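Positions annotated as domain 'Histone acetyl transferase HAT1 N-terminal' by TrEMBL: 18-180. The site 'Interaction with histone H4 N-terminus' annotation in TrEMBL covers Trp192. Taken from TrEMBL, the feature active site, proton donor/acceptor covers Glu269. The domain 'Histone acetyltransferase type B catalytic subunit C-terminal' feature in TrEMBL is assigned to 279-330.
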Amino acid sequence: RNLFFSGLTAMEKKLAEYKCNTNEAIQLKLVRFPEDLEDDNTTFNPEYSHQVFGDDEVAFGYKGLKILLYYVAGNLSTLFRIEYTSKVNEKFDCVEADDVESKIREIIPPGFCTNTDDFVSLLEKEVNFKPFGMLLHTYSIHNEEAGEDITYQIYKADMTCPGFREYHERLQTFLMWFIETASFIDVDDERWNYFLVFEKYNKDGATLFATVGYMTVYNYYVYPDKTRPRVSQMLILPPFQGEGHGAQLLETVHRYYMSSPTVLDITAEDPSENYVKLRDFVLVKLCQDLLCFSPVKLMQGFSQEMVTEAQQKLKINKQHTRRVYEILRLRATNMGDAEQSRSYRLDVKRRLIGPYKKKQRELAKMRRCLRPEEMTNQLNQIDLNLQREQLEESFQQLVSDYRRVLERLAQA
């Protein structure tokens, strides 16, 4: 029996050497120049690969596995190759290596290169690539490394733009690696809008365009004659993250819809924490000059006037307007003054306690229909002291998030 177990662990050890973390194995690149292919600094890895490789994000059957997914920076023509130093063979009884290639083929569109020479020849054609759709906004950001200002442009595209459908298929594969619950959208539905960010760069005296990121927005119909655009996906590619492109993109999209009389307001689908922080910043920046948000009015509390003005002028919905109000009121409040800070705290906590109150109303209903012993179980779940603690915790977390928004605003 002991022999059997020691044999098993030896086998297990052997097999364990053939497990690779897919987040490390997948190597992504956005290639502008042939020398980028050899340059490790241009490589980045996924944050997630569970949607392709399962929850443990492991590929079995290889040592030194590398899954290369290289993209031409602009039109995203793809090179896909798999490299490894060794692979499990028949000597392991009944053990088969994962079919890594077919898993990747499921998410990347056909027509990719498998060798570097073909890819480099596609790179030479990149000078012909131009952004799709209509130019909405141009901005520049100073780049320390390059020691110069770099120009970026935001375009609105749709499926009628020649070549855009195929380009979008290549672009959306990035979602799988960087958005935790990504899914591909139905591009035949005409209610989708696409907003794209490109960087302009020079190569041998010509101006070329590189893909930076994008956003998809779905236009929901609202009776009788309005639409409510809902942000679905937004991704700034990792080499460009932390440079302010997300804020530029979101603000540009807001401004685009602001000019449309049929748009009611803009929402978002299941937003991530980072997206909420970004949205707070952009909306506060847009709202801070509205008259209804003057310091005097902020101190009088949240008002219908704020809701109406933010919705009519800036297409911001009520829930988001409330957050904007709380952030701007924090800025106008002297938190060192006991009376002002107490008033602010009560105002925010009154909103935060809403869901708790709802729970208590539900409990009161249950109390009327349940037998006492079932009731005590339910009641034990909601301890008032715990509720106070949770409320205070939520409040403190919120204030620190709000302060970050205000710091960023002060630097903008």
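Cβ coordinates come from backbone N, Cα and C, glycine included.
Please treat TrEMBL annotations as automatic predictions, because they have not gone through curation.
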**Asked** Looking only at the domain 'Histone acetyltransferase type B catalytic subunit C-terminal' (279-330), what are its DSSP counts of helix, strand and coil residues?
**Response** 41 helix, 1 strand, 10 coil
**Item:** Between Trp192 (site 'Interaction with histone H4 N-terminus') and the residue listed as 'active site, proton donor/acceptor': CA-CA distance (Å)
**Value:** 14
**Request:** Report the mean pLDDT of the predicted model across the domain 'Histone acetyltransferase type B catalytic subunit C-terminal' (279-330), rounded to a whole number.
**Result:** 96
